[in-house]
């Protein structure tokens, strides 16, 4: 939770008033732990940062918006398209900013990819992400917990259509593999795969084929620097009313489209 009273237009710094946690920590880096009730009722608290399990995001967002607070939340905002639409309408009614964090769009790898695909005609592509096990009960269906990869594809190639989706699970082995076949507006195929299980390293493998050539896997493009701070600065610009309306509308459209796709993928698999 942050206090914006000392906020300057050119600064991305916010004053930390306190933090809420289920664990009893009392103090963290000289910041005092406060109760959820105090955070909701305090006049000093003007902004809430929500960094909890994905399954709890919707409830916390709703509580803080109803309490008259601005909200920054980690992706995914919710685990359904309808809930996200409803929360955005609530934010507008309350006159508050609701910002879904998307640091993956600020990564050096994505910046490189964005430059690489500009002006090129896609023939086909694939994106495979591997990692260790992740609890669906806490972070949602794989299409939601992996929505940053879907956001990459939509941001690179525009709105997508779902062709098919399958989910292979071996719960006793903590293993899952989700395979999603998507299509661009020009009917070009894109395959997105999420594979998670013990021993699998966190990695991203991509393959994009264009009329003018191919891009196989990601070159070393440098270290990601201050991506969370950059995202926070975007949030602050929204709070100050300095974020372009056209970009706000495009961002909202992209986020809702990705949540709609994730929900359709879940329905298809189930």
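Quick reminder: no glycine exception, Cβ is built from N, Cα and C everywhere.
According to TrEMBL, the NADP(+) binding site annotation covers 21, 22, 23, 54, 55, 56, 57, 75. Sequence annotations record features per position, and here TrEMBL assigns domain 'Gfo/Idh/MocA-like oxidoreductase N-terminal' to 35-102. Under the heading domain 'Biliverdin reductase catalytic', TrEMBL lists 110-220. Per TrEMBL, the feature Zn(2+) binding site maps to 257, 258, 269, 270.
The 10 Å shell around the Cβ of residue 258 (Zn(2+) binding site) contains 29 further Cβ atoms across the protein chains shown. For residue 54 (NADP(+) binding site), the nearest neighbour among the listed binding-site residues (257, 258, 269, 270), judged by C-alpha distance, is 258.
Between the CA atoms of residue 270 (Zn(2+) binding site) and residue 55 (NADP(+) binding site) there is a gap of 18 Å, rounded to the nearest whole number. On its own chain, residue 57 (NADP(+) binding site) has 50, 73, 74, 76, 77, 78, 79 as residues at least 6 apart in sequence with a Cβ closer than 8 Å to its own Cβ. Here the Cβ of residue 21 (NADP(+) binding site) has 13 other Cβ atoms within 10 Å, regardless of which shown protein chain they belong to.
Other Cβ atoms within 10 Å of the Cβ of residue 55 (NADP(+) binding site) number 16 in total over all chains.
Looking only at Cα atoms, residue 23 (NADP(+) binding site) sits nearest to 258 among the binding-site residues 257, 258, 269. For the domain 'Biliverdin reductase catalytic' (110-220), the mean pLDDT of the prediction comes to 95.
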